[in-house]
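Per TrEMBL, region 'Disordered' is recorded for 1-26. Residues or ranges marked as transmembrane segment in TrEMBL: 65-90, 97-120, 140-166, 187-207, 213-234, 378-398, 419-436, 456-480, 492-515, 540-561.
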């Protein structure tokens with residue numbers, strides 16, 4: 001014990017035996033290495049399916065038109081929507097570690113099922129070509145397929161709200177160093193798994209499309225098994241946050257209590273009420289918060305109108321009639337992110353188009369490179385990932401260090417600027433996609449062929465713009481909803497982020513079905529829904545989505561952007577008095593390699 005104390009006090013490890021070496025502190029980049037490793041393999045497994053699911057269902061299950069788009073978008077939306085259940089289970093029962101582990105196992109079972117559909121011919125309808133009528137799958141075949149996809153969606157619901165939150169748990173945001181690490185974590189999280197995807201998906205998608213779907217699904221299944229192994233190996237390095245009950249139930253109590261006390265007038269004349277504000281040991285970050293001034297009607301839930309509302313121990317006799325100030329602040333945090341969260345839906349709507357209609361465009365274009373090679377349609381999605389990776393590297397690896405040297409201070413693009421740029425990128429993406437589709441269709445009709453002579457590489461600009469939309473808006477909104485929430489609500493923040501993706505998918509399906517129905521009236525040819533895109537007007541659909549993006553830009557600029565700095569400004573203000581000296585000493589960024597070196601030397605300054 002004396003040796004361990006001396007080692008920690010000097011920050012230098014002496015020549016100790018293995019048994020006497022001090023235990024390294026949990027968390028930080030030491031734990032993040034395993035979390036990012038798990039995330040990379042998990043994303044490789046899931047995205048190899050997501051990237052090529054449209055191609056698989058079209059070629060192996062003979063689905064096309066509205067049915068194909070509906071299956072893909074509804075499955076994608078359900079994968080994101082289930083994250084709300086994952087957040088509740090994580091926060092109220094199992095904790096983030098176990099929820100992540102169970103979710104990964106469910107995804108593994110789903111991928112095993114998909115591998116079986118590719119391996120056993122009886123689980124699929126007979127193959128056909130574009131010239132002959134295609135036999136549709138029967139109910140049992142669709143049932144098995146949907147069960148496999150359902151298991152993957154269930155696993156995604158457990159993984160998505162917890163992976164970012166569990167990573168964020170490893171940093172102490174009460175220190176300047178911890179906050180700097182957390183800010184970099186969001187971008188590095190996106191960058192590392194995206195690079196892994198770009199390297200691996202080129203091979204996996206090619207194998208699926210040109211060699212064997214069975215092997216192409218077996219590879220991500222094996223990767224998911226590796227993901228579970230890596231995650232379990234690092235379990236001794238993790239910081240585990242205790243479960244504190246479902247925040248959603250607390251929010252319902254706040255709404256109910258504030259409604260019951262809606263007639264109370266706060267701060268008027270002699271009607272001065274006291275508030276129920278107990279000390280919360282497990283949630284120090286908002287124990288004495290600088291109160292959010294918006295949505296003051298919710299404050300009534302914490303008003304003590306009658307001493308009988310508290311028992312002898314000072315606890316509420318009915319938690320549906322009296323809530324704590326902390327519970328009110330949690331709901332205010334959630335309500336406060338909704339305007340910005342809502343503006344992200346239109347951006348994600350654009351990103352959804354590339355995985356469905358973008359792939360269908362690629363199928364009906366010239367994909368030849370030389371005499372013997374054809375580009376798999378799903379490879380175009382890799383263009384988006386490359387664009388995202390390049391931007392994050394430029395931003396984190398070049399812009400921030402250069403700005404630090406020139407300005408002598410930390411300099412990051414403000415969140416509202418990044419979100420606004422992402423919205424602009426989403427509009428440009430749809431405009432470019434509409435122009436390209438018009439050109440593709442015209443030349444195909446002119447030649448009277450199913451496949452247009454336009455080369456598939458002409459789709460690259462719209463996929464690049466889609467990737468930049470994600471790099472700016474998705475990363476910024478993910479960071480925004482996470483830093484706005486207290487630690488106990490980080491799983492909620494993750495689920496809220498993915499719910500916006502879910503709504504975007506459902507909205508996309510709704511718009512497609514409405515356009516198909518409206519434009520197909522009076523026996524007219526509908527703009528969308530046919531097996532042959534040459535008979536459709538996909539370019540008109542793209543212009544409609546671009547118009548929605550323009551409306552979203554106006555909405556964000558003149559309304560939602562005013563909500564962006566609120567949460568972070570509150571956190572900085574809360575900690576400013578205690579952290580002034582630390583802020584002066586810790587004024588620089590901490591790249592991951594430096595952080596890991598510091599921790600290896602025992603120089604971690606996180607508060608315990």
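Glycine residues also receive a Cβ, built from the backbone N, Cα and C atoms like all the rest.
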Touch test for the transmembrane segment (492-515) and the transmembrane segment (419-436), at least 3 Cβ pairs under 8 Å: no
Long-range neighbours of the transmembrane segment (540-561), counting only residues six or more past its ends (CB under 8 A): 339-340, 342-343, 346-347, 349-350, 353, 357, 416, 419-420, 423-424, 426-427, 430-431, 433-434, 437, 511-512, 515, 527-528
Which of 97-120, 140-166, 456-480 contacts the transmembrane segment (213-234) most, counting Cβ pairs under 8 Å: 97-120
Contact between the transmembrane segment (378-398) and the transmembrane segment (456-480) (3 or more Cβ pairs under 8 Å, separation 6+): yes
Long-range neighbours of the transmembrane segment (65-90), counting only residues six or more past its ends (CB under 8 A): 50, 53-54, 57-58, 96, 99, 103, 149-150, 152-154, 156-162, 165, 243, 246, 248, 352, 355-357, 491-492, 494-495, 498-506, 508-509, 512-513, 516, 528-531
Segment proximity, the transmembrane segment (456-480) to the transmembrane segment (419-436), 3 or more C-beta pairs under 8 Å: yes
Intrachain neighbours beyond the transmembrane segment (140-166), with Cβ under 8 angstroms and 6 or more residues off its ends: 35, 39, 42, 46, 49, 61, 75, 78-87, 89-90, 96-97, 99-100, 102-114, 116-117, 123-125, 186, 189, 238, 478, 482, 490-495, 497-498
